[in-house]
Amino acid sequence: LLLLLEATLMQLARGSHHPFYNGFYYNHIMNDMDNGQDKVDYFNGPRLVVETSKDPVYSYSGANITLSCHYRYEPDPGAKRKIRIKWSKLRDDYTKEQDVMVAIGKTYVAFGDFKGRAHLHQASQYEASLVISDVRLKDDGKYRCEVIDGLEDESDVVDLRLQGIVFPYQPPRGQYRLNFHEAEQVCQDQGAILATFHQLFQAWSEGLDWCNAGWLADGTVQYPIRLPRKPCGGLHLAPGIRSYGPRHRHLHRFDAYCFSSMLRGEVFYLDRLTGMTLEEAKQSCQEAGAEIARVGHLYSAWKFLGLDRCSAGWLADGSVRYPIVKPRPNCGPAEPGVRTFGFPSKGRFGVFCYKER
């Protein structure tokens, strides 16, 4: 046993200094005879180059989008080669998150949530573009286009960004009541998903300032500050994204930062002279061929459709809010935004309804 262990360790040590180089040539590949002799194989064929869009591709929920990817050989071999194309969705650190699609020739297979929504667009011989139909909120992110030709494997990355809005959310129970999984659910209930750090940073750069810490999609807890102040990290800190880092997804409790995209429908306001209870508000929307709007619907209509209404209305979660694009007297603060009355247990208000086109 000792001799066998020693021989194994020597073999591992011997092989550990032979790196695999994936570029113009392949170095230190074991020969077919398996006689313990290494050989160096130099790849002298055409070089494979893969290129995607260098600029982010912008889209919105419900749209169809093409992520451009092309490849070429230097020099061009002329003859058609049998290659494999693979698309993957990546995390922010560029590690693989999920397989999207793989294709050989005209045969392809899409995976997971991309089944029925993803296919290749090959208008030319060397095109490997990905088409995603009915874009969803969680499609936002980085995608790797990988082209495999025998021993060669080259790739490039394209960034798909959804046009949307980040909004802070806390449930009727009050501040800091949500663990990570509950935060995911409340965002979904409001027609949204948990925001990514990139989405929160974009919202901060556009003016979002909120002192409550909230969950993000990667399990970290952060909050955006434009105007430093004592209760929000202190006066000595510069404006930016404050971070608590990763938190325990079951035990720790915070608010949530949700992300909603552009709407495929419209938000409109209904009212009665005497106002409505929440149940009456839901019924009024149904009678109008719609549903009571969710918080994500109202934020999206405010940002992308310019919805401006200085009248409070019920939303699906039992909150009462109203959107202001042009601030004016008796309509809240001097900045545009979605105002909230919280979650009143009593009272009669109008209602915001949502109807798909």
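A Cβ is built for glycine as well, from the same backbone N, Cα and C atoms used for every other residue.
Straight from TrEMBL, the features:
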type     : residues      : note
DISULFID : Cys211-Cys232 : disulfide bond
DISULFID : Cys310-Cys331 : disulfide bond
DOMAIN   : 46-158        : domain 'Ig-like'
DOMAIN   : 165-260       : domain 'Link'
DOMAIN   : 266-355       : domain 'Link'
SIGNAL   : 1-15          : signal peptide
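Cys331 (disulfide bond) sits 26 Å from Cys232 (disulfide bond), taking the Cα positions as reference. You'll find the Cα of Cys232 (disulfide bond) roughly 30 Å from the Cα of Cys310 (disulfide bond). A C-beta separation below 8 Å, combined with a sequence spacing of at least six in one chain, links Cys211 (disulfide bond) to Tyr223, Ile225, Arg229, Pro231, Cys232.
Neighbour list (Cys310 (disulfide bond), Cβ cut-off 8 Å, at least 6 residues apart, same chain): Tyr322, Ile324, Arg328, Asn330, Cys331. Across the disulfide-bonded residues listed here (Cys232, Cys331), the residue whose Cβ sits among the most other Cβ atoms within 10 Å is Cys232. In the predicted model, the domain 'Link' (165-260) has a mean pLDDT of 96.
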